[in-house]
Structures are given as C-alpha cells and as structure tokens.
Amino acid sequence: MSSQVIAFIGGGNMASAVIGGLLRAGLAAAQLRVVEPHAPQRDKLLAEFGVRALAAGDASLGDAGTVVWAVKPQLFVEAAAPLRAWVGSALQLSVMAGIPSDSLVRATGSERVVRSMPNTPALIGQGIAGLYARPAVSAEERTTVERLLAPTGQTLWVEREADLDAVTALSGSGPAYFFFFVEAMMAAAVEMGLTAEQGRRLALATCAGAAALGLASDESPTTLRERVTSKGGTTHAAITSMQADAVDAAIRRAVLAAQQRAAELGREFG
C-alpha cells in the first residue's frame, strides 16, 4: 500500500481519521485523492493534513487502487453516479452504514467490494470495525483494507454480510449505550452529593479501567463481575437492584432492536 493512490469520496470525520493515520504512517499526501463538496471541510483537510481536496471528482481518481466511500448513506447514489467511469477498476471500501454491497457493485461496476462498520472511537484510534468482503476480494486486498483501517483501531472479519447488522448493533451503536450508562451514573452521583464533573470523571475512569481489565484478562466478564460482588456488600446491592429491574433483558432487547433497524436500513438503501 506504500505506493498506492487512495481516493476518499467524502472527507468528514471518519475519512479524516483514516487520512490522518495514513499520513502518520508515512503515506505521502500526494498519494491521496479526496472529493469533498463542502468548502469548509476542504479547508479543514488542507489545514490539518496538507491534503488538497477536490470539490468534484475528475480523471485523477482513475489513479486510485482503493476507493473509500465515506459519504452519508442517503447521498451515496448521487455521489457515485458521476464517478463510476473513473473508479470502477479499484477496490471499493465502504465505511457507510446501511449500504449493501450489491448497491456498491451496481453503483461502481466493481465486484471487489469490502464493507466496513466502524464506530466513533475510531476518531481517536480506539475503534473496532466489522468487515465483510465479497468473494471477488483477494486475500492481499483484505490485508490492504486491514492496513488502511489500522490507524482507527481493530478490525474483525465476518463471513456473512448479514452479520454486519449484528456488528452495527453491538459495536457500531455500542458507544452510545456506554455513554447512556455514564449519564445515569453521573445523575446518581449528583443525587449522592457529588458534582456532575466528579461523577463524569469517576464514571468514565471506572468504565475505561473495567474495559482495560476485561481486555487484559483471560477470565470471562461474568467471573470478573462476580469477583467484585461480595454477598451482602455494596456491589451486590447494586447488581441485585439491576436484576430486579431486568436491566440485562432490557439491554438485550435494545441491541436486538438496533440489529433489526440495521437490517431495515439495508433494505431501504438496497
């Protein structure tokens, strides 16, 4: 990938996260092509990365070995139509939610399509992206995608495209579940007499530490939870309260609702 030209269709937050990582990894700005119709965002790309973005596509996109689609899903068909003649021979990587690979094939003329479902921690290099590749994508091209997305965090391949709906429900939407939980912890902190800022710091540091412990440990989340839950203690009181309110069942229903909506969006955009 070191000598390959990479084109980005859309230069928003997710594209910027990838672009910044590629440049930090040694890719030259001259190897990037970015199409971004909004002038303020083009100015931002130039100021932050020294990358000159195009207001509209041109023949220079034909140099790209990989095209990264990073526009809003509802704008994809309109954005792709004038670019098809230039990008059809490239590997297509989508970071757009809800656009099925069949739609990408129809719009670009290429069967070499990889769909990615990233999440917002990718903006600080701490994300995880679910990946699905159509059969025409080679092992080498899979590696290219992994390297391209490495600056944003981890990657996880799935064998069925439908599994990206589950990925969307778990990790794509997951950061919002986490922040929802932190909001509730902050509200409880204020009720107990702490300030909102004290609650924010305590909640975020605790959640981040627990996640780090879970990643570092070979033990299951259940074992790690039970280890800190002494019968009759404070944690036991909290867990018992949540179990009485069926919080675990509510979380499962929420994740399944997100999966169902992801599937619906795929049908709408397909």
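Even glycines carry a Cβ here, placed using N, Cα and C.
Listed in sequence order, Val35, Gly57, Val67, Val68, Trp69, Ala70, Val71, Ala79, Ala80, Leu83, Val87 are the same-chain residues at least 6 apart in sequence whose CB falls under 8 Å from the CB of Ile9 (NADP(+) binding site). What TrEMBL lists as NADP(+) binding site is Ile9, Gly10, Gly11, Gly12, Asn13, Met14, Ala70, Val71, Lys72, Pro73.
Assigned with DSSP, the residues of the domain 'Pyrroline-5-carboxylate reductase catalytic N-terminal' (6-89) fall into helix, strand and coil as follows: 46 helix, 15 strand, 23 coil. If you look up TrEMBL, you'll see 6-89 marked as domain 'Pyrroline-5-carboxylate reductase catalytic N-terminal'.
The domain 'Pyrroline-5-carboxylate reductase dimerisation' feature in TrEMBL is assigned to 161-265.
Over the domain 'Pyrroline-5-carboxylate reductase catalytic N-terminal' (6-89) the predicted model carries a mean pLDDT of 93. Long-range C-beta contacts of Gly11 (NADP(+) binding site), restricted to its own chain and to partners at least six residues apart, with a cutoff below 8 Å, comprise Ile19, Val34, Val35, Glu36, Gln41, Arg42, Leu45, Ala53, Ala70.
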